[in-house]
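Asks: For reference, TrEMBL lists these features for the protein:
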COMPBIAS  60-81  compositional bias 'Basic residues'
DOMAIN    2-52  domain 'Lamin-B receptor of TUDOR'
REGION    58-97  region 'Disordered'
TRANSMEM  242-267  transmembrane segment
TRANSMEM  288-311  transmembrane segment
TRANSMEM  323-348  transmembrane segment
TRANSMEM  360-379  transmembrane segment
TRANSMEM  418-436  transmembrane segment
TRANSMEM  448-467  transmembrane segment
TRANSMEM  487-505  transmembrane segment
TRANSMEM  512-530  transmembrane segment
TRANSMEM  596-614  transmembrane segment
Amino acid sequence: MSKFKKTDRVMARWPGSSLWFEGTVIDLNDIEYLVCFEDTAKSKYVVKYKDVKSLTEFRRRSKSRGRSSSRGRSSKTKSPGRRSTLEPKPSPAKTAQRAVEIIKVIEPEPVVKHKTIVEPRNVLERWNDMEHKNVLLECRNDVEHKNILERRHEVERKNEVLRTDVFTRLSRADVAVQRTSSPIWQSHRIVSSNEKIEYNSQINNVRTVTSKKEPTPKSLGSRLCGISCSVGSSIKSGICAFIPSLATVKFLILTLIITAMPVFLTEMCTKNKCTVMEMPVMPRKFQVYYDPLSIALVAGFLVTQLLLYLIPLGKVVKPKNGATVHCNGIIALLVSVAVLSSLMYFGYDVLQVYTKYRQLLATSMALSMVLTLAVYIRARYIPDDAKNPVGNSGMFLPDFFTGRELNPAVRSLDLKFLLFRVALLTWIMINVLVVMKDLRANPGQYSPTLLTACGLQIFYAVDYLWFEDSYFTTYDYMRQGCGLLFILGHLTGPFIVTVFTRFILNHGTELEWYYLSLIVALNLVGYTILRGSNSQKHSFRSNPSDPALAYLESLPTPAGTRLLVSGWWGFLRHPNYLGDLLTFISWGLLCGFRHALPWILVGIDVLFLVGRIFEVESVCKKKYGTAWNSYTERVKYRLIPKIF
Ligand code: NDP
């Protein structure tokens, strides 16, 4: 039961600390208040009921604590920061967390203290030492508290990029850090940011120290591999230059997987043979993949889509990157189909394109690499706020894979949006070619199973084109870096999902009409969940006060935006992924159970979706803090009700 209502003035505990400040309740739910604090930044945080008190109650308690202090009464009179010697020592994890809290209240001071390089691990160790010596921060009075908080906001802004770098790579490249106690590549970035941290027992002595020391130059090899290397003897560093860090190895493996996957999946299932029990027979000569016509086709298709993108028709969206996007995907589709029909009308054998499948895939892969490299280099010249917070580790391969920039735009051209549309249109075109190929092979006969499979895939893609504007509120657009994973995924993705329909074309069996009907029904259930949840979230994100959404419950968050806790997003935490999974399963069912390949594709999709779930949830937890915890307490399952 809430004690306070909106606009009530209260004393509330600052999240993650033991400090209390005055604020105003601006929103509430059944367990928490959203409090606007009285600091200069007017910070808004979600605070649990128990951490909010009325002003009078708080003053009464403070006074009584003051009195007991004067009588010399024990632990209650201690400041929240001081720990009794009888209390258990905190765990290392807590200590590290405390250290993160501490770093939030430090302020840079332009004093040269140390010339030595401090690495993230050393910083943590020093924090641990500090904790063990019971050197804790103590804020002496309210005035000081307020000053610290104001300074904290300023410092937080300045140190945001630095902290993200250090802690992201601490967790990612933990093994690399453990391998050596000598400075690693990351530490040079810290030094290059001229930031070092020194602690004393008093808060005023806890400060960030500027070092004038320049980063030790690294060889090209070590930059490429992101190596953990000591700055010792030249021999040692020479050897180190060839030892890649764990992060690099991990991203090397991921790069190999995502580049090999489309090739293997398409080579495994050709017209002559379709098996996963043998390695596919790859063309002996690399030249097989090189085909000028395919290069011209891919380039021509991209230029056409670029021109269609520029047609000033359709809903206008202006993302933060400065681009102007016209959501005219359906127009682009109609024009593309018209061009294809005209080519056929004038006697051009469009099915030739289908025979170039392998070369088109190879060209798309090569193009992905070139484009990713261009975006990677371009990221050198972009402002910090356009950078991907998790794609700028300074290591080539991880950053190349993840993407250093979030949403690259060249004037009105939004690259991610264009690639998204190109992927959908390529997918539709391949399916149209598959149907045409079947009709040519069996004139006058058509395969209901193949038509159903191609029809369902085309329907899925057209739906995304129709609701194109909802792409701008997806994780894909807002949070995923524009690196190899994104670019290659979009340029080769259509070749992967059409393995289902190409399989049916070459090896499928005709299914009975009732079986087909059940599969279509399953697909439509998936589609309803997918579209319903995507549109619900998009409408809510675009206009949370839309009267049409008034029936939906939502939770306030410190980030200012609210989280839906009813409707599709109250049913599961990722309802759209469930919808996606059901549609994938329906495509697999159309292929039957005689071959493993379609089911391997379904398995790959499950892996992608589960991986994405953990990625999205970790980002949301960081962004929404306790509000996200409340959401997960309320909506317990992620993907499958009662199971996961
Ligand atoms: P989503 O559309 O799932 O969006 C995730 C974002 O939604 C979060 O980052 C958060 O962003 C917001 N959000 C999460 N929970 C809530 C809530 N309760 N209330 C309001 N907002 C919430 O992003 P994706 O890019 O992952 O998915 C887009 C589409 O792509 C989906 O249809 C998905 O099925 C499909 N997809 C398919 C994959 C496959 O392998 N088949 C893989 C990945 C995606 P914020 O709060 O910051 O706005």
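Every residue, even glycine, has its Cβ placed from backbone N, Cα and C.
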Asks: Per DSSP, what is the helix/strand/coil residue tally across the domain 'Lamin-B receptor of TUDOR' (2-52)?
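Replies: Going by DSSP assignments, the domain 'Lamin-B receptor of TUDOR' (2-52) contains 3 helix, 26 strand, 22 coil.
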Asks: Are there 3 or more C-beta pairs under 8 Å linking the transmembrane segment (360-379) with the transmembrane segment (288-311), counting only pairs at least 6 apart in sequence?
Replies: yes
Asks: Average the per-residue pLDDT over the domain 'Lamin-B receptor of TUDOR' (2-52) and send me the rounded value.
Replies: 83
Asks: Hey, would you say the transmembrane segment (512-530) packs against the transmembrane segment (360-379), going by three or more CB pairs under 8 A that are 6+ residues apart?
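Replies: The transmembrane segment (360-379) and the transmembrane segment (512-530): touching, no.
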Asks: What residues elsewhere in the chain lie close to the transmembrane segment (360-379), defined as a C-beta under 8 angstroms and at least 6 residues from its ends?
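Replies: For the transmembrane segment (360-379), the sequence-distant neighbours (Cβ-Cβ under 8 Å, at least 6 residues beyond its ends) are 259, 262-263, 266, 289-291, 294-295, 297-298, 302, 353, 387, 392, 399-400, 403-405, 408, 415, 482-484, 487-488, 491-492, 495.
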Asks: Among 323-348, 448-467, 487-505, which stretch has the most Cβ pairs under 8 Å to the transmembrane segment (418-436)?
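Replies: Answer is 487-505, with the largest number of Cβ pairs below 8 Å.
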Asks: What else in the chain is close to the transmembrane segment (487-505), if you only count residues 6 or more beyond its ends and a Cβ gap under 8 Å?
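Replies: Sequence-remote neighbours of the transmembrane segment (487-505) are 258-259, 261-262, 265-266, 269, 274, 357, 360-361, 364-365, 367-369, 371-372, 375, 419-420, 422-423, 426-427, 430-431, 434, 437-438, 447, 449-450, 453-454, 457, 587-588, 590-591, 595, 597-598, 601.
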Asks: Quick test of the contact rule: Cβ under 8 Å, at least six residues beyond the ends. What residues does that give for the transmembrane segment (323-348)?
Replies: 304-305, 308-317, 407, 409, 411-414, 417, 421, 424-425, 428-429, 432, 462, 464-466, 468-469, 472
